[in-house]
Amino acid sequence: MWGPLIYALLGLAIVAAAFLFVRRSQAKEVVPVADDDDKENGAAADEVNPRQAGDQGHTDDEDGEEGNEGLKNFMYDENGKKLGVKKARKLQEKEERRRRNEEMAQAREQAKLLQHQEEEERKEREAEEAEDERQREAELEREREAQRQKELEEYNSLKSMFVVEESGELDVDHEAQAQSLLNEFVSFIKEKKVVQLEDLAAHFGLKTQDTIERIQQLEAEGRLTGLTDDRGKYIFISEEELSEVVKFIERRGRITIAELMDNSNRLISLSETDVEFPGDEPAPADVDETTTA
């Protein structure tokens, strides 16, 4: 009973084996055989991108992510293994942060250097200004000291000219007293207008030569203006009279000394004013000795 069934199965197996043999033979005829040019092109392609050809750890999912991101250049680790897109992006962002931090650190350092330089320049300017100010103050102090010394010398010169008739010198205890005496000397000349130098010297207890020197010094200081004639009289000229003389010369243009002298009596008062010397006793009045019965 099993005999016919066994023969049938064997027949089917033979038919299947023959079918597979025919299919394999057809597949060999379809696959082209690579020629020498194709082999050279394949070898060149392997040399151009050996990492991509030998990269077996790269998955299809990572290839899809790289294609979606549009990355043109792949990143590799220190072992030459190609990195995934996510990891490569993280490394790239980390590198960018590091570069930005370095740039910011350099900018801060440059700002600190610039600030330090500006601070040093400011200190130098302040030191120069302080030195200039110190020199100006020192110069002003020297000028003030020179002025004080000059005034002291003038005062001592004034004081030395006044003498007392009895002892030959005046003991001045205070500057105010000497200044008061000097003012009295100037005022008397101005009020007297024309004064005999000998009388002036005798009244103030001075020598005639000291009186002349004192008047010359006062003229140099601008406190007196006048002239001394050949009779030993000093004629004080006021500012108003000087102004009149200047106007006269300007009106006349060129003028000779003779013309000026001829008009001096009109321009300058030469009359002596009746002013009593301080401390002088008034002259006794004339007494009529005639008596009436």
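Glycine too: its Cβ is placed from the backbone N, Cα and C atoms.
Now, the feature entries from Swiss-Prot:
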type	residues	note
TOPO_DOM	1-6	topological domain 'Lumenal'
TRANSMEM	7-27	transmembrane segment
TOPO_DOM	28-293	topological domain 'Cytoplasmic'
REGION	30-151	region 'Disordered'
COMPBIAS	90-126	compositional bias 'Basic and acidic residues'
COMPBIAS	133-151	compositional bias 'Basic and acidic residues'
REGION	273-293	region 'Disordered'
Counts of helix, strand and coil residues, the compositional bias 'Basic and acidic residues' (133-151), according to DSSP
19 helix, 0 strand, 0 coil
For the compositional bias 'Basic and acidic residues' (90-126), give the DSSP counts of helix residues, strand residues and coil residues.
37 helix, 0 strand, 0 coil
